[in-house]
């Protein structure tokens, strides 16, 4: 024994070392891996992450990337699925507050699933406004939605005898309504604890004063509502979400339990009561209002109450209480009323909110819709006409103002306050309000007078930026600038020819229509252009004044005729060479031959021209445009003179005749060549 103890005592450290190695081996065992967080957990951490949770910005960004990848799972999902998650999150964010939290607790996985849940909850909230009270046993029990299936399976059964209705209940509701003698009232309480809609009602009284246990059923509906609300708040969120989902799922198939409540006695009693039904309904609507703050809608109910006696018993309906009237006649949601802190009463909302809250009430709905005409509070002091808003009244009063200013006494026509109508009114009464002090000419508008006065002052405030030329009117400047830009905004719809000015287009269209609006009063001959008419009228004037009585000298056909014989020379004379012209524009064009001015420049090649027509003819070289088409053979030409020369080949016209031998030619150049044969 001693020898065995010797070595054991001599090697205590070895034993310790063996024990340490054994402990070390235990410590080196790989710990079990932590479970990977779910996508929802990563999503919540991603949204709740704060900058202060990380030691630095780089770590914060890295943590956010990690949480985002844990939420979206790009290695498992496609781009479309990730986009669906982002859209789903934004959709859940913009939902109304009353259903947002409920949908988020159900955690829909796709947008379609979220839309389905929202639609079901909207139907649920709509049905809550159509609750019916069950007065069969003396206590008003509000039954709105079917109960969850889990509670029905775990608790004893209870028996309900469904009343015959037009629609049959769904399979889940039929299972609950299956007659079984083993169900008691305890199952009713257990099912009621999971109904989500009961938590929407505002609790009343002090919950702490009520000492109730899970086995004690409240005696009144008020105690039941407070007890259910308290238990619902302490319930597990997962069970609460599951209960809501089951309620919504069965709600769509079954409708509401109000159609399955044994209410034959109640309905028969209501039919026997007759007129009293409507009286109670109207009284119920009145009691929902605060007498301290009367609203305009009260008169609607009072007026309808007087006409109740004419309603037949067949058209009556069971009395319906508003949600919350079973609990001291209090509105059930903040949208229908708010609590007055001073006296502890719920104030009645405005009239429009009351009408919205009465949508599900058949008896009150007809009363509300009886008088829905908009009120007209804006009265015209002149004619007494009434309007619903102030803007319509102001628009109407402008008619009276226009009648005062613009009533035409002679023709009885009324014009508005627009300057165009005022000027039109002046033409009716012959008024010329604006008179020129220089020549005495009158104008109906001040702008016309200002434009006319520039002819006396010579003012030309509108200057061309390209060539520096000035004009008295802005319209003339715009017309002039087209010579530089080459713009031709006016196009003939018949042949497609384009023009720089609208007047040229109108003149051209007369070729297609054959219109000749200018007619000579002497002989009745018509012309397509006013200039042609002026030239023609000079022939009649020359016949009356030829020969002149003062000098006895006649005028040949080639000399221009002067309507004013006081000046026997042309009105516009060139100061350089003495040549005279009948029009100022011809003199201006002639003076460019002396000055060498070429204001018209080609924007493509830079070549300058003294006349605009030469520039237009030149630009067709660059564009290749041939706007003049022969109607006989379809050939096109860049110049009108070429088309005229070409048309003579079809018509055989020879306008150029030799005075020596009488031979005719189609071109002037050929006549000139022929005349050289006579002169040698």
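Note that Cβ sites are derived from N, Cα and C of the backbone, with glycine treated the same way.
Per Swiss-Prot, SUMO2 cross-link is recorded for 19 (among others).
The domain 'SCAN box' annotation in Swiss-Prot covers 43-125.
Look at Swiss-Prot and you will find 147-191 tagged as region 'Disordered'.
Taken from Swiss-Prot, the feature SUMO2 cross-link applies to 159 (among others).
Residues annotated as phosphoserine in Swiss-Prot: 168 (among others).
The phosphoserine annotation in Swiss-Prot covers 180 (among others) and is backed by similarity to another entry.
Feature annotation from Swiss-Prot assigns SUMO2 cross-link to 286 (among others).
The SUMO2 cross-link annotation in Swiss-Prot covers 300 (among others).
The SUMO2 cross-link annotation in Swiss-Prot covers 376 (among others) and is backed by similarity to another entry.
If you look up Swiss-Prot, you'll see 378-400 (among others) marked as zinc finger, on the strength of sequence analysis. Each residue in the zinc finger (378-400) gets a DSSP state, and the totals come to 11 helix, 4 strand, 8 coil.
The feature zinc finger is assigned by Swiss-Prot to 434-456 (among others).
Residues annotated as zinc finger in Swiss-Prot: 462-484 (among others). Across the range of the zinc finger (462-484), the DSSP-based residue counts are 11 helix, 4 strand, 8 coil.
With a cut-off of 8 Å between Cβ atoms, the residues of this chain six or more beyond the zinc finger (490-512) that come close are 479, 482-483, 528-529, 627, 629. According to Swiss-Prot, the zinc finger annotation covers 490-512 (among others).
Residues or ranges marked as zinc finger in Swiss-Prot: 518-540 (among others).
Feature annotation from Swiss-Prot assigns SUMO2 cross-link to 570 (among others); the stated evidence is similarity to another entry.
Annotation comment: Swiss-Prot describes 572-594 (among others) as zinc finger, evidence class sequence analysis. Helix first, then strand, then coil: DSSP counts for the zinc finger (572-594) stand at 11 helix, 4 strand, 8 coil.
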Intrachain residues whose Cβ lies under 8 Å of the zinc finger (656-678), provided they are six or more past its termini: 645, 648-649
Top partner of the zinc finger (462-484) among 378-400, 572-594, 600-622, 628-650 - counted as Cβ pairs under 8 Å: 600-622
Beyond the flanks of the zinc finger (628-650) by at least 6 residues, Cβ under 8 Å: 495, 617, 620-621, 666-667
Neighbour count (Cβ, 10 Å) for residue 579 (SUMO2 cross-link): 15
